[in-house]
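To keep things clear, I will list the structure first and then write my remarks on it.
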Amino acid sequence: MNFYKELTKNVFYLFVASTLIYFVEAFQSIMMIAVALLLLSFAKLKDFKISKKNAPFLFSFVILAFYYTLFFSSKSVKLIAESLLLFVIPLLSVYLYRVETFSKDLKKIQFAYSISLSLLCLYFLAFYIYDIPNHHFDWYLARYNLEFYNKIHGTYICLWIAIAILFLADLTSGFKQFSLSKKVLFGVMFALLFSGLIIYNSRNIIVGLIVISGIRFLLLKKQNKTISKKVLLLVLFAFIAIILLSRRYMEDIQFLFENSFKNSTRYAAWSCSAQLIYDSNFLGMDFNLIQEKLNECYVPFHSLELTKFKINSHNQYLDFLLKGGIFMLLAFISTLFVKIKYALKNHNYLYLSLTILFVISFITENILVRQYGMYSYFLCDVLFLGSILGNKNHSRNEVEKH
């Protein structure tokens, strides 16, 4: 058993450390498979039963697997395997919470992930400063250079950073009790993470963090817990700094006044996706033809960006509607509902926050289409889903008492 405990901890350390070499996607894929195999080794499949908690996850996988098989192509096996990772394997994380030391290890894993993202942000900050002669503080040019040379889309790296911020916020809930050295370390980490967020500046991720901050504030107020004014001011200052240090929001407001939302690429992507969904009678369509049909729909918009970059639906909910129809959408939304409901019930506010972050990020991006998005979703679910799916004896709070 001690061997398995050490193996679990080390595999998860490698899993979160893979963010440092994100550009080696093969290693990240290997680590996702390694975590999946680890969970399978813990699982007692004879004890596994379908319940109202796990049924939406299983249905999501079955529906996607059905459509990927129905319209079988060279991509089908890979897509079915990815669906297995997203919806079935995380259900086995309930067995992790039967390991007494996992809750203590979980805190260390959160810290390791936060350290990894802080180091990444340090690199991005150094790159941004080095690149000043090229971008001259022009936000669009700076982000383009970051994405072009570092080979990761801004939305995905901002999502990773936001998860690290939430992990770190959870770890520093007892900030006053820490030694001076720890306070300085955590302060530097927060500064680096917010710097990375400012540089890449993904709107939906920042909006997600603002919404989460508001919800957490209301929950604390409901529990009659006081919040330090310093903390409130720091959070407020951080978000104001993000807005003021980027011209993006000012230019967005200017765009809305001078143009119509109908002139944007996102409107074209959403409206064309909606048309395809309607044409398929909300029953899903051949996933191999989705991009081709979208490209045909984009022609009347006369947009070079739409034609050149082959823009997808840019909405995870629309993506599942296209691939699996209304039943897939309902199943997927049910998985999110289960997470939110039982995270609240078990007072697991970190997992609640992470789920809300994804719910919002899904509105403007197909997060689960790319590996970087799958990685973050899979990571959060394998670490925390088991805490809300198990019985009371296996909840996060109970395990921590051992």
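Cβ coordinates are placed from backbone N, Cα and C, and glycine is handled just like the others.
Annotated features in TrEMBL:
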- 12-43: transmembrane segment (TRANSMEM)
- 55-73: transmembrane segment (TRANSMEM)
- 79-99: transmembrane segment (TRANSMEM)
- 111-132: transmembrane segment (TRANSMEM)
- 152-171: transmembrane segment (TRANSMEM)
- 183-199: transmembrane segment (TRANSMEM)
- 189-333: domain 'O-antigen ligase-related' (DOMAIN)
- 205-220: transmembrane segment (TRANSMEM)
- 232-250: transmembrane segment (TRANSMEM)
- 320-338: transmembrane segment (TRANSMEM)
- 350-368: transmembrane segment (TRANSMEM)
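Put simply, of 111-132, 152-171, 320-338, the stretch with the most CB pairs closer than 8 A to the transmembrane segment (55-73) is 320-338.
Listed as Cβ neighbours of the transmembrane segment (152-171) (distance under 8 Å, sequence separation of 6 or more from its ends, same chain) are residues 19, 22-23, 107, 110-111, 113-114, 116-118, 120-121, 124, 143, 146, 186, 189-190, 193-194, 196-197, 200-202, 204-206, 208-209, 212, 350, 353-354, 357, 361, 364-365, 367, 370, 372-373, 376, 379-380. In terms of C-beta pairs under 8 Å, the stretch of 12-43, 79-99, 111-132, 205-220, 350-368 lying closest in packing to the transmembrane segment (183-199) is 111-132. With DSSP classes pooled into helix, strand and coil, the tally for the domain 'O-antigen ligase-related' (189-333) is 116 helix, 0 strand, 29 coil. Highlighted: of the candidate stretches 111-132, 320-338, 350-368, 111-132 has the greatest count of Cβ pairs under 8 Å to the transmembrane segment (12-43). For the transmembrane segment (350-368), same-chain residues at least 6 beyond its ends with a Cβ under 8 Å from one of its own Cβ atoms are 86, 155-156, 159, 162-163, 166-167, 170, 203-205, 207-209, 211-212, 215-216, 266, 312-317, 319, 336, 339-340, 343-344, 374, 376-377, 380, 384-385, 387-388.
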